[in-house]
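Inspection log for the structure reproduced underneath, given as structure tokens.
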């Protein structure tokens, strides 16, 4: 790791960004910052509500709080630097800062992808084995699920960060992105990186399809369990509890697969940047909204909190 700290300021990278100084792009930048603010506030609020209300101290909400924490860290990894560069007119990022961005981004995306997959297993156990749910999803199992998700992502992020940042870079070091995205950075390397890119592609396939296969298997069993339910009302309730998770899964995996599983000849920087905004800013904003607006327990906590504040303001 000593190679990082020996880099001089001349080794800074230039982030070309996604916005110019045109009036249209200023408006788009303002929209992105509004989405960023909503994502920040929404995830902080959801974590706070789950922490303070004992009725939300269940495995599903524990996983949801960790998902919100990942989303919170994800939006803070790239957006503030993008905003500072746009507002200041400076486009540079230090060598160390670029490495940190890569490490955090890969770690958080990998962790969130696996956690979303394992959350589907939690829903399967809750619906198909409700009587055994407290045993099958006890505290130790929940901590193992969350711990393995974080560990899986962090290990992958550290490995990719170290490898990418030890490559020799040459030329103008202009990254055609609004953050140090790994695939964009590899285009600036002076040596052949095809082997590493193939390894990364295989890793991406594994990291996306492993949790996605868990999702498919879990929901196939959930659907089977719902079909065997004698009560139509119970079946609707079971599907309703899964709809929020399915929406979040579709948004996350759809964007990630578009970015990392497309053939190289179909990749364009403009498409990659737009989709990156989608799953680094928009998805973290939508997740707390999806889980709160579609969830009676969370809405109940919000309603009770507002009533408590209203009662308190009268005295």
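Cβ coordinates come from backbone N, Cα and C, glycine included.
Remember, TrEMBL labels are computer predictions, not curated facts.
What TrEMBL records for this protein:
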- 42-291: domain 'G-protein coupled receptors family 1 profile' (DOMAIN)
- 26-49: transmembrane segment (TRANSMEM)
- 61-80: transmembrane segment (TRANSMEM)
- 100-121: transmembrane segment (TRANSMEM)
- 141-167: transmembrane segment (TRANSMEM)
- 195-217: transmembrane segment (TRANSMEM)
- 238-261: transmembrane segment (TRANSMEM)
- 273-293: transmembrane segment (TRANSMEM)
Should the transmembrane segment (100-121) and the transmembrane segment (195-217) be scored as in contact, given a threshold of at least 3 Cβ pairs under 8 Å and pairs 6 or more apart? yes
In the predicted model, what is the mean pLDDT computed over the domain 'G-protein coupled receptors family 1 profile' (42-291)? 85
Same chain, outside the transmembrane segment (238-261) by at least 6, Cβ under 8 Å from its Cβ: which residues? 67, 109, 112-113, 116, 119-120, 123, 126-127, 183, 201, 204-205, 208, 212, 215, 219, 222, 225-226, 229, 272, 275-276, 278-279, 283, 286-287, 290-291, 294-295
Do at least three CB pairs under 8 A connect the transmembrane segment (273-293) and the transmembrane segment (26-49), leaving out pairs fewer than 6 apart in sequence? yes
Same-chain Cβ contacts of the transmembrane segment (195-217) under 8 Å, 6 or more residues past its ends? 110, 113-114, 116-118, 120-121, 156, 160, 163, 182-183, 186, 249, 253, 256-257, 260-261
Residues outside the transmembrane segment (61-80) whose C-beta sits under 8 Å from one of its C-beta atoms, at least 6 past its ends, are 32-33, 36, 39-40, 43-44, 46-47, 50-51, 101, 104-105, 108-109, 111-112, 115-116, 118-119, 122, 142, 145-146, 149-150, 178-179, 248, 280-281, 283-285, 287-288, 291, 297
